[in-house]
Amino acid sequence: MKARDWLGVLPFVGMLGGVPFVNQVEPYVLGMPFVLFWIVLWVVLTSVIMAIVNRLDPRTREEEHHG
Amino acid sequence: MNSALIIIFAVLLLAIYSGIRAQKGKEMTMEQWTVGGRGFGSIFIFLLVAGEIYTTFTFLGGSGWAYSKGAPSYYVLSYIALAYVISYWLLPPIWRYAKQHRLVSQSDFFVSKYNSPILGILVAAVGVIAIIPYLILQFKGLGIIVSEASYGSISPAAAVWIGVIGVTIYVMISGIHGSAWTAAIKDILIFFVVVFMGLYLPFHYYGGIKPMFEAVEAANPGFLTFPDEGLSVSWYISTVLVTVFGFYMWPHTFGSVFSAKNENVFRKNTVMLPLYTIMLLFVFFVGFTAILQVPGLKGADGDLSLLRLSLKTFDPWIVGVIGAAGLLTALVPGSMLLMTAATLLAKNVYKVMAPAASEARVAKVAKLLVPVLSLISLYFTLSGGDTLVTLLLMGYSLVTQLFPALLFSLHRQPWVNKYGAFAGITAGVLTVAYVTISKVTIASVFPNWPAVIQDLNIGVIALLVNIIVMFGVTFVTRTLLTTGRHPANAEGTPTI
């Protein structure tokens, strides 16, 4: 597995593995109970991570040149 | 008839009318219809994939679960985002293979990979059986919308009939994709309705998101976190995994993969699609706001919470717009599900059994199957009392059973053979069926096991049974077949 493939594991670790440790209401962040905020945060981070994966992947850059 | 119902029926008629218009002057073959000539770019695939996910379930089921269960509803947000992550690696090889072999349906993929039309029939059957609860869910949602928006003047049962007749007519007239126009209106309308309600309602009743959550927590301590038992963290993790694996196994979703122009479409979409799921957050806000404002909705009635709160808060015409958005979220995916199920049965079951049937005859059979499938789903809609989430999870447990056979076929040298794939899928589906009908849980079989294991989604167990049987049967048949090559033993080999 290449580095970018391992990046794809991160959202699973954060969104699933992290929840047992943050299953609490306090502190509220952006008005949301902490565990909900945690999941929402990881949804956003998932987008960021996938943007990086796309950057690292030569196959997706190839296409930009061809339009 | 009040103004809410007038708006809802006007939108229904408009959708049917645009379906008729879209149909005119376009003679398309089944292939072009289903995969759009493999010419769709990122934006169109984005809309197709994003739009398919947002059904009545999102609208009524998501808020309904937030209302009645609280924190466990968060699982919906997680599984959709994670399914997109998987798609980066899963979809390109599927797309490449499908293009190379000019495949048009999910069932075709298994037929081609395992070189077994019988396996294709099994896959089609599993897909159709899984689609039924998903369809029931759409019909139930339609019934809820029409009957609630009528302010009680139309009974839920009559409303379901009206909804089902509407969808069936829509599908029979407009075919698989309906009109792109209806789908686009649906996505735009639902987006604005959901964001508006998700912000307006908590601010209107509580003065903000945080005060709303604080009031809920004060009234029901522990409601905003996962409980220690039952729908616990262990349930959450296992349920998300089962649904992530099942996500692309739905026949209609799998089929939409084939319509992409190139494989990078999927990779690029993984950046934006997770962000789009944030929309669900606003649906949850509505459900949580409803808890203290329209209390007392028990069991499956929790699915009514979004509309009950709307009735209490807004003028009839706004209820009409909300109802119309809800109607489209049932109509567009509902028609897609119906047509996919009918096409699968006609192409991958009927055609295999009657190879002499012409293309026109297969298309006719598909069309005739639409009202049949509608009526079957209607029967279950009127007889069952499950919540929308229960129905969705049942369908997911079934389609997820196709995942191992798909995954192990992606390697150039498949890890399992057709006998293994057939036996594994069958064993997994039977496990799901047994568990659903007998209502056994891990807790009832092993009462002394720790809650972490007892709370696991039963789909995980079915997947394990599936994989074990798959490799077991593959191993045994490979050994038998190798011995079977000996001329004296040749007749003894099983044929599937």
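The chain as shown is numbered from 1 upward.
For all residues, glycine too, the Cβ spot is worked out from N, Cα and C.
Feature annotation from TrEMBL assigns transmembrane segment to B:6-22, B:43-67, B:73-95, B:116-137, B:157-176, B:188-206, B:233-250, B:271-297, B:317-345, B:365-382, B:388-407, B:457-476 (among others).
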Tertiary contacts of the transmembrane segment (B:157-176), as residues 6+ beyond its ends and Cβ separation under 8 Å: 12, 15-16, 18-20, 22-23, 33-34, 138-140, 142-147, 150, 327, 330-331, 334-336, 338-340, 343, 367, 370-371, 374, 377-378, 381-382
Feature contact check the transmembrane segment (B:73-95) with the transmembrane segment (B:188-206), CB under 8 Å, 3 or more pairs: no
Per Cβ pairs under 8 Å, the stretch of B:73-95, B:116-137, B:233-250, B:317-345, B:365-382 packing most closely against the transmembrane segment (B:271-297): B:73-95
Long-range environment of the transmembrane segment (B:116-137) - Cβ separation under 8 angstroms, sequence gap at least 6: 55-57, 61, 105-108, 110, 250-252, 334, 337-338, 340-341, 344-345, 348-349, 352, 373-374, 376-377, 380-381, 384, 388, 391-392, 394-396, 398-399, 401-402, 418, 421-422, 425-426, 429, 496
Contact between the transmembrane segment (B:457-476) and the transmembrane segment (B:233-250) (at least 3 Cβ pairs under 8 Å, separation 6+): yes
Surrounding residues of the transmembrane segment (B:233-250) on its own chain - C-beta under 8 Å, 6+ positions past either end: 72, 74-75, 78-80, 82-83, 86-87, 90-91, 94, 106, 127, 130-131, 134, 226, 257, 393, 395-397, 399-400, 402-403, 406, 451-453, 455-457, 459-460, 463
